[in-house]
Amino acid sequence: MANQKLPTLKYTGKSESAVPIVSESELQTVTAEPWVKISDKGLQLEGLNFNREGQLFLLDVFEGNIFKVNPATKEVTTKFQSVKDNPAAIKVHKDGRLFICYLGDFKTTGGIFATTEKGEQIEEIISDLNTEYCIDDMVFDSKGGFYFTDFRGYSTQPLGGVYYVDPDFKTVTPIIQNISVANGIALSTDEKVLWVTETTTNRLHRIALEDDGVTIAPFGATIPYYFTGHEGPDSCCIDSNDNLYVAMYGQGRVLVFNKRGYPIGQILMPGRDDGKMLRTTHPQFIPGTNQLIICTNDIENHSEGGSMLYTVNGFAKGYESYQFQ
């Protein structure tokens, strides 16, 4: 029989939230506003990237649809369906092609293919037949080569890593290995620092590179931040001040770090305390502005809110990466 006179824990304050914020509760915080609804269904949206004309491309992982959004009209069109299973990211090449990372069977059949904006002229860049990668994301450097993340493993089996592919797409060089589900990746404006999120161990990696872009500088691989809560850090992007924006999957928010890896702000999805719109996956800036777009979905809330793009203004304008240079 319960003793009503004993001190009793109660759900008040932070403990009332489905996803309480504890260690970052004093950060500058803003709540995002709805921008575009992609679907009434709960789709695993990912891969936000703009082309040179300012059109936004994104995808849904599990059904493989590639979407285009016109920011001026907010019109959403489905352009094509991925020829590979579980696409996870889109990056636009300077020549206009879409480079699409895919996870395959989530074990050994991931890769990257390039295609036109209509899904034509497919070219294998990293083949799922000749490798064992499970590729989640990539980022181009100014030479036209790129870094990619290998999404394999889990918390006690760190099979993933980060690799660099030369501009001719023929040579793959390991940068850092033994990572548990390497996920988001971003490159600093001077291309000297590589940021990587490690999802299932809740870690942020900051990797200082030497001039060749593949050698880690002495004492250059550090972990400046450990995240808390379920599930963990996902895709990320930088602004022109080298601040890093990291989507927190399963938490309905984006954390912002300065160039040294210190947290300086956060962006919340509406309804997150009630368990809504928690699957925040990817932030990306509208070119030439400080307006940040964030994709998320409501799958964990029985897809009640569908799949959405939200928006806020960031600390600075977005950095215009390879496709704009």
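Note: Cβ is positioned from N, Cα and C throughout, glycine not excepted.
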- Same-site residue for Ca(2+) 1 (record: Swiss-Prot; known: Asp136, Asn183, Asp234, Ser235; options: Glu33, Glu46, Glu320): Glu46
- Distance [Cα-Cα, Å, rounded] between Ser235 (Ca(2+) 1 binding site) and Tyr133 (Ca(2+) 2 binding site): 18
- Message: Is it possible to get the count of other C-beta atoms within 10 angstroms of the C-beta of Asn183 (Ca(2+) 1 binding site)?
- Response: 28
- Message: Quick check: of the binding-site residues listed here (Thr108, Gly110, Asp128), which one has the Cα closest to that of Asp136 (Ca(2+) 1 binding site)?
- Response: Gly110
- Task: Work out how many Å separate Thr108 (Ca(2+) 2 binding site) and Glu46 (Ca(2+) 1 binding site) at their Cα atoms, rounded off.
- Result: 21
- Query: At the Cα level, what's the spacing in Å between Asp128 (Ca(2+) 2 binding site) and Glu46 (Ca(2+) 1 binding site), rounded?
  - Reply: 20
- Note on the structure: Those binding-site residues from Gly110, Thr131, Tyr133 that fall inside 10 A of Asp234 (Ca(2+) 1 binding site) by CA distance are none
- Message: I'd like to know which of the binding-site residues Thr108, Ser235 has the most other Cβ atoms within 10 Å of its Cβ.
- Response: Ser235
